[in-house]
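J.: Got a structure here, written out as C-alpha coordinates. Questions coming.
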Amino acid sequence: MSCALTDGFGRRITYLRLSVTDRCDLRCVYCMSEDMTFVPRRDLLSLEELDRLAAAFVARGVTKIRITGGEPLVRKGIMTLFGSLSRHLADGRLQELTLTTNGTLLATHAEALAASGVRRVNVSLDTLDPSRFRTITRRGTLGVVMDGLRAAREAGLRVKLNTVALKGITETEIHDLIAFAHGNDMDLTLIETMPLGDVGADRTDQYLPLTTLRRIIESRWTLADTAERSGGPARYARIRETGGRIGFITPMSHSFCESCNRVRVSATGTLYTCLGREDRTDLRAALRGSEADEALHAAIDGAIRTKPRGHDFRIERGRPALARHMSALGG
Ligand SMILES: Nc1nc2c(ncn2[C@@H]2O[C@H](COP(=O)(O)OP(=O)(O)OP(=O)(O)O)[C@@H](O)[C@H]2O)c(=O)[nH]1
Ligand SMILES: C[S@@+](CC[C@H](N)C(=O)[O-])C[C@H]1O[C@@H](n2cnc3c(N)ncnc32)[C@H](O)[C@@H]1O
Ligand code: SF4
Ligand code: SF4
(Lines of atoms letter the chains of each structure in order from A; the text may use other names.)
(Lines give C-alpha, C1' and ligand atoms only; values in the text may rest on other atoms or scores of the structure.)
(Ligands and ions follow the chains in the order given, each with its own letter.)
Protein backbone atom coordinates (compact mmCIF):
# COMPACT_ATOMS: atom_id res chain seq x y z
CA MET A 1 0.00 0.00 0.00
CA SER A 2 1.69 3.24 -1.04
CA CYS A 3 -0.93 5.65 -2.42
CA ALA A 4 -1.04 9.08 -0.83
CA LEU A 5 -3.79 10.25 1.49
CA THR A 6 -5.90 12.98 -0.15
CA ASP A 7 -9.20 14.20 1.25
CA GLY A 8 -12.41 15.14 -0.55
CA PHE A 9 -11.22 18.76 -0.93
CA GLY A 10 -7.95 17.73 -2.60
CA ARG A 11 -5.82 18.35 0.51
CA ARG A 12 -2.83 16.02 0.90
CA ILE A 13 -2.47 14.62 4.41
CA THR A 14 1.22 14.52 5.28
CA TYR A 15 1.20 15.42 9.00
CA LEU A 16 0.16 13.05 11.80
CA ARG A 17 -0.31 14.33 15.34
CA LEU A 18 -0.15 11.24 17.51
CA SER A 19 -1.30 11.49 21.11
CA VAL A 20 0.29 8.98 23.49
CA THR A 21 -1.66 9.85 26.65
CA ASP A 22 -4.40 12.22 27.80
CA ARG A 23 -2.73 12.59 31.21
CA CYS A 24 -0.63 15.52 32.27
CA ASP A 25 1.34 16.75 35.25
CA LEU A 26 -0.14 20.26 34.81
CA ARG A 27 -3.71 21.60 34.62
CA CYS A 28 -3.49 24.69 32.43
CA VAL A 29 -6.57 26.87 32.88
CA TYR A 30 -7.36 27.06 29.13
CA CYS A 31 -6.90 23.31 28.55
CA MET A 32 -8.23 21.31 31.49
CA SER A 33 -10.48 21.61 34.50
CA GLU A 34 -9.04 21.13 37.97
CA ASP A 35 -10.73 17.73 38.30
CA MET A 36 -10.17 15.66 35.20
CA THR A 37 -11.24 12.10 34.54
CA PHE A 38 -8.63 10.42 32.40
CA VAL A 39 -8.95 7.43 30.10
CA PRO A 40 -8.30 4.18 32.03
CA ARG A 41 -4.80 2.88 31.26
CA ARG A 42 -6.18 -0.38 29.88
CA ASP A 43 -7.85 1.55 27.05
CA LEU A 44 -4.61 3.09 25.79
CA LEU A 45 -2.84 1.69 22.76
CA SER A 46 0.37 -0.05 23.72
CA LEU A 47 3.65 1.47 22.54
CA GLU A 48 3.88 -1.33 19.96
CA GLU A 49 0.41 -0.49 18.66
CA LEU A 50 1.24 3.21 18.48
CA ASP A 51 4.35 2.31 16.52
CA ARG A 52 2.39 0.12 14.08
CA LEU A 53 -0.22 2.81 13.61
CA ALA A 54 2.42 5.43 12.86
CA ALA A 55 4.08 3.07 10.37
CA ALA A 56 0.76 2.67 8.53
CA PHE A 57 0.55 6.47 8.11
CA VAL A 58 4.17 6.69 6.98
CA ALA A 59 3.42 4.01 4.36
CA ARG A 60 0.67 6.34 3.08
CA GLY A 61 2.88 9.36 2.60
CA VAL A 62 2.90 11.01 6.02
CA THR A 63 6.25 12.80 6.30
CA LYS A 64 5.87 14.54 9.65
CA ILE A 65 4.88 13.00 12.99
CA ARG A 66 4.35 15.07 16.10
CA ILE A 67 4.03 13.17 19.38
CA THR A 68 1.70 14.95 21.75
CA GLY A 69 -0.69 14.42 24.68
CA GLY A 70 -1.72 15.33 27.45
CA GLU A 71 1.91 15.55 28.28
CA PRO A 72 3.70 13.06 26.02
CA LEU A 73 6.76 12.77 28.25
CA VAL A 74 4.72 11.41 31.19
CA ARG A 75 3.88 8.27 29.18
CA LYS A 76 5.93 5.39 30.61
CA GLY A 77 8.51 4.06 28.15
CA ILE A 78 7.91 6.88 25.67
CA MET A 79 11.58 6.96 24.62
CA THR A 80 11.17 3.43 23.27
CA LEU A 81 8.56 4.76 20.86
CA PHE A 82 10.81 7.63 19.75
CA GLY A 83 13.69 5.20 19.28
CA SER A 84 11.55 2.89 17.20
CA LEU A 85 10.00 5.65 15.06
CA SER A 86 13.46 6.95 14.21
CA ARG A 87 13.79 4.11 11.66
CA HIS A 88 11.46 6.09 9.38
CA LEU A 89 13.83 9.03 9.54
CA ALA A 90 16.77 6.77 8.76
CA ASP A 91 15.09 5.34 5.65
CA GLY A 92 14.13 8.84 4.48
CA ARG A 93 10.37 8.37 4.45
CA LEU A 94 9.82 10.61 7.44
CA GLN A 95 11.17 14.15 7.21
CA GLU A 96 10.40 15.15 10.77
CA LEU A 97 9.80 13.42 14.10
CA THR A 98 9.00 15.91 16.81
CA LEU A 99 6.91 16.63 19.90
CA THR A 100 4.95 19.29 21.73
CA THR A 101 5.63 19.32 25.44
CA ASN A 102 5.12 21.42 28.54
CA GLY A 103 8.84 21.03 29.21
CA THR A 104 8.66 19.69 32.76
CA LEU A 105 10.46 16.45 31.82
CA LEU A 106 12.69 17.83 29.09
CA ALA A 107 15.77 17.94 31.29
CA THR A 108 15.44 14.16 31.73
CA HIS A 109 14.75 13.31 28.10
CA ALA A 110 16.40 15.95 25.90
CA GLU A 111 19.49 13.91 25.05
CA ALA A 112 17.53 10.74 24.28
CA LEU A 113 15.19 12.73 22.05
CA ALA A 114 18.13 14.15 20.12
CA ALA A 115 19.60 10.65 19.82
CA SER A 116 16.29 9.47 18.29
CA GLY A 117 16.56 12.01 15.50
CA VAL A 118 14.34 14.72 16.98
CA ARG A 119 15.75 18.05 15.78
CA ARG A 120 13.34 20.55 17.30
CA VAL A 121 10.71 20.65 20.03
CA ASN A 122 7.76 22.92 20.69
CA VAL A 123 7.54 23.88 24.35
CA SER A 124 4.46 25.54 25.80
CA LEU A 125 5.21 28.55 27.99
CA ASP A 126 2.76 31.34 28.70
CA THR A 127 4.61 33.47 31.23
CA LEU A 128 8.05 34.23 32.65
CA ASP A 129 6.68 34.98 36.10
CA PRO A 130 6.91 32.03 38.55
CA SER A 131 3.79 32.90 40.50
CA ARG A 132 1.73 33.53 37.38
CA PHE A 133 3.08 30.25 35.95
CA ARG A 134 1.76 28.44 39.02
CA THR A 135 -1.62 30.15 38.60
CA ILE A 136 -1.96 29.35 34.89
CA THR A 137 -0.81 25.73 35.21
CA ARG A 138 -2.49 25.33 38.61
CA ARG A 139 0.56 23.37 39.87
CA GLY A 140 3.74 23.88 37.82
CA THR A 141 7.14 25.26 38.79
CA LEU A 142 8.62 27.62 36.22
CA GLY A 143 12.24 26.82 37.11
CA VAL A 144 11.74 23.18 36.11
CA VAL A 145 10.65 24.23 32.62
CA MET A 146 13.56 26.68 32.39
CA ASP A 147 15.93 23.78 33.20
CA GLY A 148 14.21 21.76 30.48
CA LEU A 149 14.67 24.54 27.92
CA ARG A 150 18.37 24.76 28.80
CA ALA A 151 18.79 20.99 28.50
CA ALA A 152 17.06 20.94 25.13
CA ARG A 153 19.35 23.60 23.72
CA GLU A 154 22.43 21.88 25.20
CA ALA A 155 21.33 18.66 23.49
CA GLY A 156 21.27 20.55 20.20
CA LEU A 157 17.49 20.70 19.85
CA ARG A 158 15.92 23.77 18.29
CA VAL A 159 13.12 25.13 20.47
CA LYS A 160 9.94 26.94 19.56
CA LEU A 161 7.93 28.42 22.40
CA ASN A 162 4.12 28.19 22.19
CA THR A 163 2.27 30.88 24.10
CA VAL A 164 -1.52 30.87 24.40
CA ALA A 165 -2.75 34.47 24.22
CA LEU A 166 -4.62 35.16 27.46
CA LYS A 167 -6.58 38.35 28.05
CA GLY A 168 -5.18 40.38 30.94
CA ILE A 169 -1.87 38.48 30.91
CA THR A 170 -0.23 38.31 27.51
CA GLU A 171 -0.73 42.02 26.70
CA THR A 172 1.74 42.92 29.43
CA GLU A 173 4.10 39.93 29.11
CA ILE A 174 4.50 39.80 25.37
CA HIS A 175 7.50 42.12 25.13
CA ASP A 176 9.45 40.13 27.75
CA LEU A 177 8.50 36.85 26.07
CA ILE A 178 9.82 38.12 22.72
CA ALA A 179 13.07 39.31 24.30
CA PHE A 180 13.50 36.02 26.18
CA ALA A 181 12.71 33.75 23.21
CA HIS A 182 14.77 35.61 20.65
CA GLY A 183 17.58 36.29 23.10
CA ASN A 184 17.93 32.51 23.46
CA ASP A 185 17.57 31.76 19.74
CA MET A 186 14.05 30.33 20.04
CA ASP A 187 11.06 31.05 17.81
CA LEU A 188 7.91 32.20 19.58
CA THR A 189 4.42 31.29 18.41
CA LEU A 190 1.24 32.83 19.75
CA ILE A 191 -2.01 30.85 19.78
CA GLU A 192 -5.61 31.97 20.12
CA THR A 193 -7.60 30.01 22.74
CA MET A 194 -9.98 27.53 21.18
CA PRO A 195 -13.29 26.63 22.90
CA LEU A 196 -12.62 22.95 23.60
CA GLY A 197 -13.79 21.23 26.77
CA ASP A 198 -15.14 22.52 30.05
CA VAL A 199 -12.22 24.14 31.88
CA GLY A 200 -14.26 25.33 34.85
CA ALA A 201 -14.14 28.97 33.70
CA ASP A 202 -15.69 31.16 31.05
CA ARG A 203 -13.53 31.30 27.91
CA THR A 204 -14.82 34.73 26.92
CA ASP A 205 -12.71 35.99 29.81
CA GLN A 206 -9.57 34.29 28.42
CA TYR A 207 -9.87 35.04 24.70
CA LEU A 208 -7.46 37.63 23.31
CA PRO A 209 -7.57 37.95 19.50
CA LEU A 210 -4.11 37.97 17.93
CA THR A 211 -5.13 40.96 15.82
CA THR A 212 -5.22 42.93 19.10
CA LEU A 213 -2.00 41.39 20.40
CA ARG A 214 -0.18 42.11 17.14
CA ARG A 215 -1.04 45.81 17.46
CA ILE A 216 0.49 45.79 20.93
CA ILE A 217 3.62 44.03 19.62
CA GLU A 218 3.94 46.56 16.82
CA SER A 219 3.92 49.41 19.32
CA ARG A 220 7.41 48.26 20.39
CA TRP A 221 8.83 46.04 17.61
CA THR A 222 9.05 46.17 13.81
CA LEU A 223 7.44 43.16 12.13
CA ALA A 224 7.95 41.99 8.55
CA ASP A 225 5.70 39.15 7.38
CA THR A 226 7.53 36.21 5.86
CA ALA A 227 6.38 33.26 3.76
CA GLU A 228 8.51 30.89 5.90
CA ARG A 229 6.49 27.93 7.23
CA SER A 230 7.14 25.19 9.79
CA GLY A 231 4.57 22.71 8.47
CA GLY A 232 1.90 23.67 11.04
CA PRO A 233 -0.75 26.39 10.90
CA ALA A 234 1.43 29.31 12.05
CA ARG A 235 2.03 32.36 9.84
CA TYR A 236 5.35 34.02 10.68
CA ALA A 237 6.85 37.48 10.83
CA ARG A 238 10.46 38.50 11.53
CA ILE A 239 11.17 41.08 14.17
CA ARG A 240 13.74 43.52 12.86
CA GLU A 241 15.22 44.42 16.24
CA THR A 242 15.89 40.77 17.27
CA GLY A 243 16.18 38.96 13.92
CA GLY A 244 13.91 36.27 15.45
CA ARG A 245 10.64 34.80 14.21
CA ILE A 246 7.22 35.23 15.71
CA GLY A 247 4.34 32.95 14.66
CA PHE A 248 0.60 33.59 14.78
CA ILE A 249 -1.88 30.71 15.05
CA THR A 250 -5.29 32.25 14.51
CA PRO A 251 -8.02 29.59 14.30
CA MET A 252 -10.58 32.05 15.69
CA SER A 253 -9.84 35.35 13.95
CA HIS A 254 -8.48 33.95 10.66
CA SER A 255 -9.04 30.31 9.82
CA PHE A 256 -6.33 28.32 8.04
CA CYS A 257 -8.42 25.23 7.26
CA GLU A 258 -8.18 25.55 3.48
CA SER A 259 -4.53 24.48 3.64
CA CYS A 260 -4.99 21.78 6.29
CA ASN A 261 -2.53 18.91 5.88
CA ARG A 262 -3.05 16.99 9.14
CA VAL A 263 -5.04 14.45 11.12
CA ARG A 264 -4.88 13.29 14.71
CA VAL A 265 -4.96 9.97 16.47
CA SER A 266 -5.84 9.80 20.17
CA ALA A 267 -4.01 7.60 22.67
CA THR A 268 -6.88 5.10 22.41
CA GLY A 269 -6.48 4.79 18.65
CA THR A 270 -9.33 7.02 17.49
CA LEU A 271 -8.64 8.95 14.30
CA TYR A 272 -9.98 12.52 14.30
CA THR A 273 -9.86 14.16 10.91
CA CYS A 274 -10.47 17.65 12.31
CA LEU A 275 -9.53 19.21 15.66
CA GLY A 276 -12.74 21.24 15.59
CA ARG A 277 -15.26 18.52 14.71
CA GLU A 278 -16.61 15.33 16.24
CA ASP A 279 -15.93 13.15 13.15
CA ARG A 280 -13.97 10.13 14.31
CA THR A 281 -13.03 6.60 13.28
CA ASP A 282 -11.95 3.80 15.56
CA LEU A 283 -8.61 2.42 14.36
CA ARG A 284 -8.01 0.27 17.44
CA ALA A 285 -10.47 -2.42 16.34
CA ALA A 286 -8.86 -2.58 12.90
CA LEU A 287 -5.43 -2.67 14.52
CA ARG A 288 -6.31 -5.46 16.91
CA GLY A 289 -8.55 -7.41 14.53
CA SER A 290 -5.75 -8.57 12.26
CA GLU A 291 -1.99 -8.77 12.08
CA ALA A 292 -2.18 -7.61 8.48
CA ASP A 293 -2.78 -3.91 7.84
CA GLU A 294 -5.53 -4.09 5.17
CA ALA A 295 -8.40 -3.28 7.55
CA LEU A 296 -6.36 -0.49 9.12
CA HIS A 297 -5.68 1.12 5.74
CA ALA A 298 -9.32 0.76 4.72
CA ALA A 299 -10.43 2.50 7.94
CA ILE A 300 -7.90 5.31 7.39
CA ASP A 301 -8.97 5.75 3.75
CA GLY A 302 -12.65 5.91 4.67
CA ALA A 303 -12.02 8.55 7.32
CA ILE A 304 -9.79 10.75 5.15
CA ARG A 305 -12.33 10.75 2.32
CA THR A 306 -14.86 12.43 4.62
CA LYS A 307 -12.49 14.85 6.39
CA PRO A 308 -14.51 18.04 7.11
CA ARG A 309 -13.70 21.28 5.30
CA GLY A 310 -12.95 23.01 8.62
CA HIS A 311 -14.03 23.91 12.12
CA ASP A 312 -16.94 26.02 13.23
CA PHE A 313 -15.46 27.48 16.41
CA ARG A 314 -17.03 30.50 18.06
CA ILE A 315 -16.16 31.90 21.44
CA GLU A 316 -19.59 32.04 23.07
CA ARG A 317 -20.21 32.98 26.64
CA GLY A 318 -20.80 30.01 28.86
CA ARG A 319 -20.17 26.94 26.77
CA PRO A 320 -17.37 25.17 24.87
CA ALA A 321 -17.91 24.42 21.16
CA LEU A 322 -16.90 20.79 21.77
CA ALA A 323 -17.02 18.74 24.96
CA ARG A 324 -13.62 17.18 24.19
CA HIS A 325 -10.67 18.79 26.00
CA MET A 326 -7.61 19.93 24.06
CA SER A 327 -5.59 17.41 26.05
CA ALA A 328 -7.60 14.50 24.60
CA LEU A 329 -6.00 15.05 21.21
CA GLY A 330 -2.94 17.11 22.01
CA GLY A 331 -3.95 20.24 20.10
N1 LIG B 1 -7.49 24.77 14.87
C2 LIG B 1 -6.33 24.11 14.72
N3 LIG B 1 -5.33 24.32 15.60
C4 LIG B 1 -4.19 23.65 15.41
C5 LIG B 1 -4.01 22.76 14.35
N6 LIG B 1 -2.74 22.24 14.41
C7 LIG B 1 -2.17 22.80 15.48
N8 LIG B 1 -3.05 23.65 16.08
C9 LIG B 1 -2.83 24.40 17.30
O10 LIG B 1 -1.63 25.09 17.20
C11 LIG B 1 -0.99 25.11 18.45
C12 LIG B 1 0.47 24.74 18.30
O13 LIG B 1 0.58 23.43 17.83
P14 LIG B 1 1.93 22.63 17.88
O15 LIG B 1 1.70 21.38 18.61
O16 LIG B 1 3.03 23.51 18.33
O17 LIG B 1 2.15 22.21 16.38
P18 LIG B 1 2.40 23.02 15.02
O19 LIG B 1 1.86 24.41 15.13
O20 LIG B 1 1.89 22.18 13.92
O21 LIG B 1 3.98 23.08 15.00
P22 LIG B 1 5.08 23.36 13.85
O23 LIG B 1 5.45 22.05 13.31
O24 LIG B 1 6.18 24.00 14.63
O25 LIG B 1 4.49 24.28 12.83
C26 LIG B 1 -1.78 24.18 19.37
O27 LIG B 1 -2.56 24.93 20.25
C28 LIG B 1 -2.65 23.42 18.45
O29 LIG B 1 -3.88 23.11 19.04
C30 LIG B 1 -5.10 22.56 13.47
O31 LIG B 1 -5.07 21.76 12.56
N32 LIG B 1 -6.23 23.26 13.70
C1 LIG C 1 -2.79 20.22 24.57
S2 LIG C 1 -1.08 20.60 24.67
C3 LIG C 1 -0.33 19.00 24.62
C4 LIG C 1 1.16 19.00 24.68
C5 LIG C 1 1.81 19.49 25.98
N6 LIG C 1 1.17 19.08 27.16
C7 LIG C 1 1.96 21.00 25.94
O8 LIG C 1 1.32 21.68 26.73
O9 LIG C 1 2.71 21.45 25.09
C10 LIG C 1 -0.67 21.18 23.01
C11 LIG C 1 -0.82 22.66 22.77
O12 LIG C 1 -2.18 23.01 22.87
C13 LIG C 1 -2.27 24.28 23.47
N14 LIG C 1 -3.60 24.43 24.02
C15 LIG C 1 -4.16 23.75 25.04
N16 LIG C 1 -5.44 24.13 25.22
C17 LIG C 1 -5.69 25.08 24.29
C18 LIG C 1 -6.84 25.86 23.96
N19 LIG C 1 -8.00 25.74 24.61
N20 LIG C 1 -6.74 26.71 22.92
C21 LIG C 1 -5.58 26.83 22.23
N22 LIG C 1 -4.47 26.12 22.49
C23 LIG C 1 -4.52 25.26 23.52
C24 LIG C 1 -1.16 24.25 24.51
O25 LIG C 1 -0.76 25.53 24.90
C26 LIG C 1 -0.06 23.52 23.78
O27 LIG C 1 0.77 24.42 23.08
S1 SF4 D 1 -1.72 22.52 27.72
FE2 SF4 D 1 -0.40 20.73 27.85
S3 SF4 D 1 0.62 21.06 29.84
FE4 SF4 D 1 -1.17 22.31 29.89
S5 SF4 D 1 -2.75 21.04 30.83
FE6 SF4 D 1 -2.94 20.85 28.60
S7 SF4 D 1 -1.82 19.03 28.13
FE8 SF4 D 1 -1.13 19.70 30.16
S1 SF4 E 1 -9.62 23.02 12.37
FE2 SF4 E 1 -9.75 21.08 11.25
S3 SF4 E 1 -9.66 21.56 9.04
FE4 SF4 E 1 -9.04 23.40 10.21
S5 SF4 E 1 -6.81 23.30 10.22
FE6 SF4 E 1 -7.52 22.31 12.14
S7 SF4 E 1 -7.76 20.13 11.68
FE8 SF4 E 1 -7.57 21.24 9.74
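For all residues, glycine too, the Cβ spot is worked out from N, Cα and C.
What TrEMBL says about a protein is an automatic prediction, not a curated fact.
Model, not experiment: these values are computed from the prediction.
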J.: Need one residue: from C31, C274, the one TrEMBL lists with C257, C260 for [4Fe-4S] cluster 2.
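T.: Answer per TrEMBL: C274.
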J.: Can you pick which of K160, K167 TrEMBL lists for the same GTP site as R17, R66, T100, R262, V263, R264?
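T.: Looking through K160, K167, the residue TrEMBL assigns to the GTP site is K160.
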J.: Which residues, sitting 6 or more apart from C31 ([4Fe-4S] cluster 1 binding site) on the same chain, put a CB under 8 Å from its CB?
T.: G197, V199, H325, M326, S327
J.: Can you figure out which of C24, C28, Y30, C274 (the binding-site residues) comes closest in space to T100 (GTP binding site), comparing Cα atoms?
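T.: When the Cα distances are compared, C24 comes out closest.
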J.: Near ligand 1, which of the binding-site residues R17, C31, R264 are found, taking a Cβ distance under 6 A to any of its atoms?
T.: none
J.: Listed binding-site residues are C28, G70, R264, C274; which sit with C-beta under 6 angstroms of ligand 3?
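T.: Near ligand 3, sequence order: C28, G70.
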J.: Can you list which of the binding-site residues C31, S124, V263, R264 have their Cβ under 6 Å from some atom of ligand 2?
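T.: Cβ under 6 Å from ligand 2: C31, S124.
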